[in-house]
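**Student:** One structure follows; several queries about it will come next.
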Amino acid sequence: MNRIRIHVLPTNRGRITPVPRSQEPLSCSFTHRPCSQPRLEGQEFCLKHILEDKNAPFKQCSYISTKNGKRCPSAAPKPEKKDGVSFCAEHARRNALALHAQMKKSNPGPMGETLLCQLSSYAKTELGSQTPESSRSEASRILDEDSWSDGDQEPITVDQTWRGDPDSEADSIDSDQEDPLKHAGVYTAEEVALIMREKLIRLQSLYIDQFKRLQHLLKEKKRRYLHNRKVEHEALGSSLLTGPEGLLAKERENLKRLKCLRRYRQRYGVEALLHRQLKERRMLATEGAAQQAHTTRSSQRCLAFVDDVRCSNQSLPMTRHCLTHICQDTNQVLFKCCQGSEEVPCNKPVPVSLSEDPCCPLHFQLPPQMYKPEQVLSVPDGLEAGPMDLYLSAAELQPTESLPLELSDDLDVVGDGMPCPPSPLLFDPSLTLEDHSVTEIAGGPGQIQVAGDGCRSQGPHNVEKTCAPFPQRGLATANGKPEPTSIS
C-alpha cells in the first residue's frame, strides 16, 4: 500500500503575537559606583559623568563662583572656538535671565510724548480743515512711524553683559530657595541688629586670630634672642655684662647702655607682685575650664576626721581621701592596710603589689638566707688557754740583768702551787743539747727554783744563762715602785 504523507504547516491562528519591546536605554558606565542614569546618545556615560570620557564633546562649565572661587563641576558642550566660554544648562539659563533683566534696565519704557505722538494718527480732524500739504505730511509721518522698528536699537556692549552678583546665592545649583527680598536694600531694625552682630562677631574672630599671630611672632623673636644671647655668652663669656675691666671708653659707654636696657623692662617691689597676680588671673581666664577644674581639684582636702578635726592633707587624684586615710574609702582597690606583727598591729596604707600580704617597710619579711657560712672548727678541751696570770707580758720579758739560770724537770712556784712549763723565750737558741740530756730533762725528776733575785736554777744540770728578773708583785711603795716579795 502506498502511504500518503501530509505535512501540516503551523499557523498563527489562536496565538498572541508578541509585541516587540522597546530596547531599554543602557545605564551609565561609571566605574567608581553604580549609576542608574541613562547614557547620552552615542556615549557611554550620562550627563553627570560624561567628563570621564576625554573624547566626548563636553567640557567643564566655565562658571566660577564669586564666593569661594570654585568652578562649576557640571558638564557643558564644547564651543566651536578652542578658548570659547561654555556654560552648563543651569548656568546658561541663569545667564539668559540675567541678560534679559539687564536689557530691560538699559531700555526704559516709552515716554508720554512718544505715546501721544504714536496715537495722534488715530485722532479725527475737522472736515474741510485738512489741506493737501497737511495730508501729505501726515502720510509721510505715518510711513516713518511704520518703518520704525526694534532693529534700530543700539547693540549690547561688553559692559552690559551679566557677570554675576557677588552677593547673590546663585553660586550653587542646589540653592533653589532664595530670599526674594535679599537684595532689596531695605531692612528692619531687627535685621540691621542681626547683620551688625554677625559682622562684629566676624571682626572679633579676626582680631583674635591677629592677636594669636602677634603672640607667635613675639615668642619666635624671643626664642631667637635667647639663642643668640646664649651663643654670645659661650663665645665671649659674661665679662661684657658684668664688669668694665679691660674695656675702652666707648665700650664702657655701650656696656652702660646695655645694662640700662636690661633693667628697663624689669619690675621691682609692689609692681612685680601686682604683675605676677595679673599674669595668674589672665592664665586662669584664658586656659578655660581645664585650668579651673585643675585649681578646683588642687583645693580639695581629705574628708577624714581625726579627733573631730578634719584632715588638712590634699586628697589623692580621683579620690576624696589622702594617702594616710585612703583605706577608709570602701570603693578603692589600690591600697591595703599593713597587717604588722602579732605583738604590734600596723594600719599603715600600703599599695597593692604582686604579693598576697603587702607590708610596710618596717614589717617587711625578709626572704630566707641563701648563703650558709662555713662551720668553725671547735677547739679541743685539752688545748684551752690557761689563766692570763701565768703568762708574761712584753714589758716583763725585757732583759735588765744577766743572771744564771738553773733548769730543772719540774717547775714549782711556791705560793701558786700550779705547774707551768718553762717559757721558750728564756732559752738561748745557741744552746745545743744532746738527745739524752733532752730526754733526761723531759723525764727525770728535778726542780726549778726561783731565787729571790728572779733567776731560775736547774738541779741536775748546771747551766748558767742570763735571764730577765721576774717582776715583783706586791704593795706599792711611796715612790710608786712595787715592793719586792720573796718567793721561796
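Cβ coordinates are placed from backbone N, Cα and C, and glycine is handled just like the others.
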**Student:** Looking at Ser134, Ser149, which one is marked phosphoserine in Swiss-Prot?
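**Tutor:** The residue tagged phosphoserine by Swiss-Prot is Ser149.
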**Student:** If you check Swiss-Prot, which of Ser22, Ser175, Ser298 turns up marked as phosphoserine?
**Tutor:** Ser175
**Student:** Out of 194-250, 308-364, 422-478, which range is noted as region 'Required for interaction with other NSL complex members' by Swiss-Prot?
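**Tutor:** In Swiss-Prot, the region 'Required for interaction with other NSL complex members' feature sits at 308-364.
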**Student:** Where does the phosphoserine label fall among Ser74, Ser106, Ser140, Ser147, going by Swiss-Prot?
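**Tutor:** According to Swiss-Prot, the phosphoserine annotation belongs to Ser147.
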**Student:** Based on the annotations in Swiss-Prot, which residue of Ser36, Ser65, Ser137, Ser168 is described as phosphoserine?
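**Tutor:** Candidates were Ser36, Ser65, Ser137, Ser168; Swiss-Prot attaches phosphoserine to Ser168.
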**Student:** Of Ser129, Ser172, Ser299, which does Swiss-Prot mark as phosphoserine?
**Tutor:** Ser172
**Student:** Enumerate same-chain residues with a sequence separation of six or more from Lys78 (SUMO2 cross-link) and a Cβ-Cβ distance below 8 A; give 'none' if the list is empty.
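**Tutor:** Counting only residues 6 or more apart in sequence, the Cβ neighbours of Lys78 (SUMO2 cross-link) under 8 Å are Pro57, Phe58, Lys59, Ser86.
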